[in-house]
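The structure under discussion appears below in the form of structure tokens.
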Amino acid sequence: MARTMTSNAGRTLLAGTAAAILAVGTAPMAFAHDSVIDARPGIDETVKEFPAELALEFSAQPKEDFNTVALSRVSDDEVLFSGEPEVNDREVSIAVPDDVDAQPGEYRIGYQITSSDGHATKGQTTFTFTPAQAAGESAAQGSESAQGSESAQGSESAQGGDSDGEADAASTSDEAENDAASGYTWLWLLLGALFLGGVVIAALSRRRQNEDAAQRVRDMDELDEGEEGAGRE
């Protein structure tokens with residue numbers, strides 16, 4: 001009877017110990033780790049001025065110890081700086097050193113904090129730095145390209161206009177030369193016609209004169225023959 005009571009007590013102790021271990025093991029699962037709900041610069045925000053401070057707001061107040069915030073460049077994963085942030089209620093913040101190499105591009109804010117439940121929490125947010133000067137230079141380059149294109153088009157139009165003007169002038173000159181040649185042709189034709197007309201008139205006049213002279217000779221011969229016949233009678 002005593003052995004039975006001892007066995008039952010042992011089983012009860014083992015069961016209690018297992019329950020305690022399970023309770024301890026599952027206790028953290030009852031709490032959700034703190035998460036970022038806001039940031040400065042804003043999550044995925046594009047800024048024109050590089051931030052002087054990084055800040056992360058969590059869903060609950062982190063613990064004071066073992067917190068780290070780091071800033072890195074996404075393009076080459078270079079860590080620009082890291083340090084322990086200040087905790088103010090649910091926000092952790094850290095100043096950006098003045099000597100940080102702030103280049104245009106995307107940046108990553110990485111963090112590891114001790115959540116309000118006592119567990120370490122890691123994560124990151126990103127923002128993009130686009131300086132106003134770079135944006136102005138891009139706009140200026142676009143404007144210069146547009147002006148260059150317009151100038152080129154204007155120059156081509158002017159050259160096209162000059163070419164058209166030269167072509168019109170050449171066409172006008174050719175037409176004038178053709179008109180002059182045509183005028184000279186008609187002049188020569190007219191002079192030729194007048195010359196031929198003069199030759200024909202002169203020939204006809206000479207022929208008429210020759211015929212008149214021959215007629216006078218015949219008349220004189222007939223007259224002489226008549227006088228001789230009268231003398232013989």
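In case you wondered, yes, glycine gets a Cβ from its N, Cα and C as well.
Sequence annotations record features per position, and here TrEMBL assigns signal peptide to 1-32.
If you look up TrEMBL, you'll see 33-128 marked as domain 'CopC'. Across the residues of the domain 'CopC' (33-128), the predicted structure has a mean pLDDT of 96.
The compositional bias 'Low complexity' feature in TrEMBL is assigned to 134-161.
Among the features that TrEMBL reports, region 'Disordered' is placed at 134-176 (among others).
Annotation source TrEMBL lists transmembrane segment at 186-204. If one looks beyond the transmembrane segment (186-204) by at least 6 residues along the same chain, no residue has a Cβ coming under 8 Å of a Cβ in the stretch.
TrEMBL lists 207-233 (among others) with the feature region 'Disordered'.
The compositional bias 'Basic and acidic residues' feature in TrEMBL is assigned to 208-220.
Positions annotated as compositional bias 'Acidic residues' by TrEMBL: 221-233.
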